[in-house]
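Student: Feature list, courtesy of Swiss-Prot:
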| type | residues | note |
| --- | --- | --- |
| ACT_SITE | D151 | active site, proton donor/acceptor |
| BINDING | R118, R152, E277, E278, R293, R368 | substrate binding site |
| BINDING | D294, D324, N344 | Ca(2+) binding site |
| DISULFID | C92-C417 | disulfide bond |
| DISULFID | C124-C129 | disulfide bond |
| DISULFID | C184-C231 | disulfide bond |
| DISULFID | C233-C238 | disulfide bond |
| DISULFID | C279-C292 | disulfide bond |
| DISULFID | C281-C290 | disulfide bond |
| DISULFID | C318-C335 | disulfide bond |
| DISULFID | C421-C446 | disulfide bond |
| CARBOHYD | N50 | N-linked glycosylation site |
| CARBOHYD | N58 | N-linked glycosylation site |
| CARBOHYD | N63 | N-linked glycosylation site |
| CARBOHYD | N68 | N-linked glycosylation site |
| CARBOHYD | N88 | N-linked glycosylation site |
| CARBOHYD | N146 | N-linked glycosylation site |
| CARBOHYD | N235 | N-linked glycosylation site |
| REGION | 36-90 | region 'Hypervariable stalk region' |
| REGION | 91-469 | region 'Head of neuraminidase' |
| TOPO_DOM | 1-12 | topological domain 'Intravirion' |
| TOPO_DOM | 34-469 | topological domain 'Virion surface' |
Amino acid sequence: MNTNQRIITIGTICLIVGIISLLLQIGNIILLWMSHSIQTGEKSHPKVCNQSVITYENNTWVNQTYVNISNTNIAAGQGVTPIILAGNSSLCPISGWAIYSKDNSIRIGSKGDIFVMREPFISCSHLECRTFFLTQGALLNDRHSNGTVKDRSPYRTLMSCPIGEAPSPYNSRFESVAWSASACHDGMGWLTIGISGPDNGAVAVLKYNGIITDTIKSWRNKILRTQESECVCINGSCFTIMTDGPSNGQASYKLFKMEKGKIIKSIELDAPNYHYEECSCYPDTGKVVCVCRDNWHASNRPWVSFDQNLDYQIGYICSGVFGDNPRSNDGKGNCGPVLSNGANGVKGFSFRYGNGVWIGRTKSISSRRGFEMIWDPNGWTETDSSFSMKQDIIALTDWSGYSGSFVQHPELTGMNCIRPCFWVELIRGQPKESTIWTSGSSISFCGVNSGTASWSWPDGADLPFTIDK
């Protein structure tokens, strides 16, 4: 075969290969068109998916940390029917507390992308429970985590994620710019309250379903602040309490009633010699009960109870089982402030049952270590220090921190009563440990009328991290 014949043969082969490739591409186009036509035809028949629920689940690995990006239920041809959370039921009768969630965020944060945060709290709608938290605009084990022991900065934001998940940029939802916050669901939408700005002129921004609906300007210009736990919704109205004034003396306290994020009523408490901060509030038979922190002068906790018209009663938990930290050793209680070792404090909670009270408190009387639940059958009204039950939550040797209440409504649980629950913040890092950062994880428990366990569920992270060395 001469040179010209070789060239002709090679050219012919190339031409044949090109034609075959072209035919294959045309075939692919035809198949894709047919597939699309079939799918389009199926979509024109809604009866195929009528009243069905299709679940899409996307997962990914980020820095070797498993993160569930979304788990969204889409009802074909249907929307989620809004309801109104009534809040008229009484608290469920309980005999103890069952562990509900633990996010292990500090342990996971040694390797994964986890927010530096504090002041976590939990709130539930009729469909889900979410963990809310105040970030520092930084991740664990990163240089921007340096100095995050500071409470108030322009970088702090309120965000939320599904309960029990470690809060990361991949599963968290932005809620508000805030260094003090609250949130709750009325059955139709999320209300968020985020306070930010300078100490002498902060502003609370109210959002309903993510849209700004109202604001509250600091009225004493001395660090306006709110609950750091969920607000309360009853029959379409939501309620919160705010403080403005000194943290170590008489301050000003206001109750607010809101509907769809708009303030419709507010009153200032007449409470001389009382100190209310960081109140943990819950609904009970159509009223709101708040148990708060006295940072001024008491070892026991103040409370305020009010109806939907903001008519209120005030007092201190009478029990000689004291709930604040630091505090005196248990002894003789008082239905006013117990002044011994009462300066400073920590956010906490209690649940009233008639004359009795479940008291959540640190095990240590002087530092934020350990946690326990105590049932005092007459502690709301009597001053002795006897109690009938104690359940261990965190060992004395392990760090705890803030704690607060949340509830699960009958519309979520299917029960005929409001289930009481609580969360505990497990603070790690500065100022007690050799790190450049301060952050926390959280655990939560819910009340049950069946078997429970006493144990310790600590944070468990091995410190310091690489960034700290």
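Cβ coordinates are placed from backbone N, Cα and C, and glycine is handled just like the others.
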Student: Cβ-Cβ under 8 Å from N146 (N-linked glycosylation site), same chain, 6 or more residues apart: which ones?
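Tutor: N146 (N-linked glycosylation site) has long-range Cβ partners I436, W437.
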Student: Near R293 (substrate binding site), how many other Cβ atoms are within 10 Å of its Cβ?
Tutor: 27
Student: Out of E277, D324, which of the binding-site residues is least crowded by other Cβ atoms within 10 Å?
Tutor: E277
Student: So which one is it: of the disulfide-bonded residues C238, C279, C318, C335, C421, which has the fewest other Cβ atoms within 10 Å?
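Tutor: So among C238, C279, C318, C335, C421, the disulfide-bonded residues given, the one with the fewest Cβ atoms within 10 Å is C335.
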Student: Could you give the Cα-Cα distance between C335 (disulfide bond) and D294 (Ca(2+) binding site), in whole Å?
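Tutor: A Cα-Cα distance of 14 Å.
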Student: In sequence order, what residues of the same chain, 6+ apart, have a Cβ less than 8 Å from the Cβ of C92 (disulfide bond)?
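Tutor: Once residues fewer than 6 apart are set aside, C92 (disulfide bond) is near M415, C417, I418, R419, P420, G447, N449.
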Student: Of the recorded positions listed here (R118, C238, D294, D324), which is spatially closest to C231 (disulfide bond) when Cα positions are compared?
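Tutor: So, of the listed recorded positions, the one sitting closest to C231 (disulfide bond) is C238.
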Student: Whose Cβ lies within 8 Å of the mean position of the Cβ atoms of D294, D324, N344, the Ca(2+) site, other than those residues?
Tutor: H275, R293, N295, W296, H297, A298, S299, N325, P326, R327, G342, A343, G345, V346
Student: So which recorded positions are near the residue listed as 'active site, proton donor/acceptor', with CA atoms within 10 Å, out of R118, C184, E277, D294, C421, C446?
Tutor: R118
Student: Using DSSP with the three-state reduction, classify C318 (disulfide bond) as helix, strand or coil.
Tutor: coil
